[in-house]
Amino acid sequence: MGLLLPIILSCLAALIAGLYVLGVFRQRRPGEPPLDKGLVPWLGHVFEFRRNTFKFLQRMKQKHGDVFTVQMGGFYFTFLQDPMSFGAFVKETREKLDFVKFAVHLVRRVFGYVAIENDHHLLEVSSNKHLKGDGLGVMTQAMMSNLQNLMLHNINSDGEQKTWIEDGLFMYCYNIVFRAGYLSLYGNVPSKSVESEEKAKEKDRAESEALFYEFRKYDQLFPNLAYGILSPKQRAEANSLMNYFWKTLSVQKIKAKDNISRWVGDMQQAREELGMEESMINKYMFLLLWASQGNTGPSSFWLLLFLMKHPEAMKAVKEEVDRLVKESGQEVKPGGPLIDLTREMLTKTPVLDSAVEETLRLTAAPLLTRAVLKDMTLKMADGREYLIREGDRLAMFPYIDVHVDPEIHPEPHSFKYDRFLNPNGTRKTDFYKAGKKVKYYTMPWGAGVSMCPGRFFATNELKQFAFLMLVYFDFELKNPDEKIPEIDFKRWGFGSMQPLNDIKFRYRLRY
Ligand code: HEM
């Protein structure tokens, strides 16, 4: 008995400590949001959340209201679901709500990159210089010439190209927009390394095609990779793909290219100057590829699909594009020069802008997350206050609360190309809920410190691609009555959504 008691007591202590770590004893304290730990210790609601984030959060909102805390995989996430109070999340100081800490774990797991202290600052500096203002002009021009290489290299050859070509719309759009974006950021094959400029362009086409093929494999593994739930076989595949990207995007390979963007170049150089190992910079190059190319391609698919499914939208956008070409004094004719879509022309497309914004409203669904660094008070717009604990996470999923809120956007599941247009043709920015103006009426780019730095370039990419399709191609759905494919629920929270299945279309050059 003398020995047994200490053993029993230590087992009991270990059990209690274990249960404590599993979060079994956590109770809602006065002033805190409703707490829902779920039935399974530590894991909580993680499976339901992963299965369908949208449905889960909707269910929780119905049960608990617009602020609640749920347990998921050992973390306590407080979801803020009142759009009028989003400012409390977006504007909170970095001392209390931190994006970096959260991102550091993720980028290590999914790209193998070990972040350094001022990573985020370097990204902000380079993005402000090169993805806005004059820098954006340079990027947009590069995008145009790469799109032309990929889409129009056959334009003046006779015969075959003017016959209909059938393809999956998703794969077609993703392929072109990914490759053109990649070439614009990571540079072109130098013409002096091959016989001629034409040969260099051909090589750009072939190399970017091979890269896209591998990217798609990685892209499909991504949601489960991010959640850390790949099978050993999938994990091995993801590792070998990462190796491929680290090599293909290596500093040495990129330095041998022409026209490497300043955005990528500066970020590479800044890390070299800080003494980062080259193998680690290669990993960062892969991170940038993912961040810059994972969303625009899928969004371009939805844009073309919605236009094809809505003839009135297609007509309005096409009229605007034709007018723009005419006003610029250019003309599309067989054998003639390619249309030069200037940056200035891109600022005169309110109808296309609205169609792009509407596409993103319906199909971009990021989950915004911050680590809570200090105990804090969440102040709601209507005066309610909630205590939030240090060590927890604060999160928003604006898709439910704004993108498809019928009060803010009537008939929220319908594509209305002119939703973001005022009757006088200017951009509409006034949206209301319960009679009050909503500041964050769509959030496809996230918000605050982690807001997408590529949003202006991405918007231009989408518009340039749509423009070239409309000007140079006839295109139509193979079966115009085929339904718009379902969204792939596994990707809620990861930015632009992808369809569950592709949809056949056909296209042909008009000139
Ligand atoms: C339709 C296209 C795009 C969408 C919908 C999109 C959306 C987003 C969202 C929602 C975030 C924030 C994620 C978070 O808060 O956790 C983000 C971050 C980011 N995006 Fe985009 N993006 C797009 C295109 C691009 C492009 C073209 C680039 C670069 C040229 C880019 C570069 C980045 C980078 C570097 C970040 C990380 C920002 C940070 O860590 O602060 N994105 N994007």
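Using the three backbone atoms N, Cα and C, a Cβ is placed for every residue, glycine included.
Those TrEMBL annotations? Automatic predictions, nothing curated.
The substrate binding site annotation in TrEMBL covers ARG109, ASN295, ARG393. Look at TrEMBL and you will find CYS452 tagged as heme binding site. What TrEMBL records for 6-25 is transmembrane segment.
Sequence features, as recorded in TrEMBL, placed on the structure.
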residue : record                 : DSSP (3 states)
ARG109  : substrate binding site : helix
ASN295  : substrate binding site : coil
ARG393  : substrate binding site : strand
CYS452  : heme binding site      : coil
Lowest local Cβ density among ARG109, ARG393, which the record lists as binding-site residues, within 10 Å: ARG109
Cα-nearest neighbour of the residue listed as 'heme binding site' within the listed binding-site residues, ARG109, ASN295, ARG393: ASN295
Contacting binding-site residues for ligand 1, chosen from ARG109, ARG393, CYS452 when the Cβ sits under 6 angstroms of any of its atoms: CYS452
Count of other CB atoms lying within 10 Å of the CB belonging to ASN295 (substrate binding site): 26
